[in-house]
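A quick write-up on the structure given underneath.
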Amino acid sequence: MRTRIFAVGIGLICVVSVFSVASFALPNEITYTISAQLDTAKNIITATETVRFTNRTGTTLTELYFHVVPNAFKRGADTKYQQELQRAGIPPALIYASPNDDAFIEIKSVTANGQALAFSIDDTLMRVALQEPLTDGQTLELQIEFLNDLLEASPQAQWAATLAVRSGFRNSTYTVTLWYPKVVVYDADEGWNLDKYSFLGEFYGDFADYDVTLTVPANFTIGCTGTILSERVEGTQKLVKIQAERVHDFAWVAGPFYRLEETELPHNIRLRVLSLGLSMTTVSSDAVNFFSERFGPYAYSVVTVAQVTVGGGMEYPGIVMIAGGSTAEIVHELAHQWWYGAVGNDEMDEAWLDEAFATFSEELYDIERLNAPSSARSSYRFREPGIPVLTRADRFPSLRSYAQAVYTKGSGVLWMLRWVIGPETFDRLLREYYARFVYKNATTQDFIAVAEEVSAQELDWFFDIWLRTTKTVDFSLPVGTWRQLEDGQFETRLTILRQGEALAPVKVVLYLRDGSIVETRWDGQQTTAELTFKSASAPVQAEIDPDHDVLEEHRANNTLSFPAFVLQRAICDGG
């Protein structure tokens, strides 16, 4: 159950607790026109923003909500983010490189039609009261003047504290994210989605169009969401005009030390790599090509990979931030351009839809492109975290438990689904899911619906167990016998047991003395089964799930050996 604010009628706001409500809203139509100036002497951004908002909520609105994320880092503020840091034993002061530094967003004014609108700020949310009700289908233009004070980030060695500090500067390089007032999503089922910025959990936004003009020092190179339309130097300043369409956020980097490398990729995609010394072009090109082939073409005309000095690897529409430069980091963040960037989701409620999908994609790339062993998959590292995958991100007690459930188990669930419905069907599923929800926000239920349609199978049992519970499964092979038949063939009988409440089909393999194998698939619906194999050679060993397709935590009892001396005696005795 979640509490959300709904607009009801005209001039009436009510708070309700909901489990589900009939869907009635369409995504709101939003365009942002932003003119921003970066002052590198004061490390501030001053900006004006025009928000054109068309109400598609299905109801009348008397207020709008905006995310004002920089306030999460304001020194001394009792924000949700800083409370979470303190509970984790991390002093909030660690996020600042200087004891005199600060970070915040100051809203100077909000107007509509030349008239000032009242606004109030709570943590990282801003409420704007409308002078007149905005009925469904009506359009409103707001003008917002704001100032964003950028922090000088602590060294990346203080990783735990800087993980969620995604915007700021260090060593004259600026990483500017979550920096402008951004309209909060109004969900069909939940009303205004009033999640505050959190140490765990990320973002959620409506797809929108952006026209952005940035003024930066003339010697700066810029990387950003969208396409740079023009750059013009005027004295010591450079004006950069940028356009981005059908994206749910806008981020940028800028600095005097970037080395820019541009590459043309298939499907008319331009790759821009901004490096401070890392070599990233080859891996980036290959990853974008691979994911375009496997899931569907990259959704935009430009993709930017930028080395940053603030925070760790991070994704935004059309641009990824890279800290360390490992292949794994680059591939994972680029995978997010499909799962998060083009197909959006509520990353607080259902983080697995982007993080698990990106982790799966990274592992698929490792196996198919880099010839990594199958042990590169998350299922080989699975340890039941004790918290369901579909848990709100801010309800995980630690970063470790969040990573184990969302990244590791979530990716393992996708690998297991691939085993359940078959690799070819699974590949078609991902392509269809991507094609159907590109430029849209999707939910877990949307993915399940496409999975059932493509596979022609009922899969609620699978997702209910593996996403919504912590039920486990433990297979074992307690007994196995074999004998040689009169025709010279061998018959092997295995008893297989399933303990635990989770269900999953499983592969059972029999390894033979001549080096060959025979295998079968058990549906795993019962707690025990007798399996019979016929073979031309005697058995050496039986094994359950040799490819780790199933998320099974205890595997020591998955094999049963037939010792050589037993084989010899059995042969001599005729069985």
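The backbone N, Cα and C atoms fix where each Cβ goes, glycine too.
What TrEMBL says about a protein is an automatic prediction, not a curated fact.
Site annotation (TrEMBL): Zn(2+) is bound by HIS332, HIS336, and the candidate from GLU355, GLU368 recorded at this site is GLU355.
In this structure, the CA atom of HIS336 (Zn(2+) binding site) is 13 Å away from the CA atom of TYR407 (active site, proton donor). Around the Cβ of TYR407 (active site, proton donor), the number of neighbouring Cβ atoms within 10 Å comes to 22.
Candidates HIS332, GLU333, GLU355 (recorded positions) were compared with TYR407 (active site, proton donor); those inside 10 Å Cα-Cα are GLU355.
DSSP classifies HIS332 (Zn(2+) binding site) as helix under the three-state reduction.
Counting every protein chain shown, the Cβ of GLU355 (Zn(2+) binding site) has 28 other Cβ atoms within 10 Å.
Taking the recorded positions HIS332, GLU333 in turn and counting surrounding C-beta atoms within 10 angstroms, the largest count is reached at GLU333. In terms of DSSP secondary structure, the domain 'Peptidase M1 membrane alanine aminopeptidase' (401-466) contains 55 helix, 2 strand, 9 coil. The record gives HIS332, HIS336, GLU355 for Zn(2+). Within 8 Å of the mean position of their Cβ atoms, the other Cβ atoms in that chain belong to GLU315, GLU333, ALA335, TRP339, TYR340, ASP354, PHE357, ALA358, THR359, SER361, GLU362.
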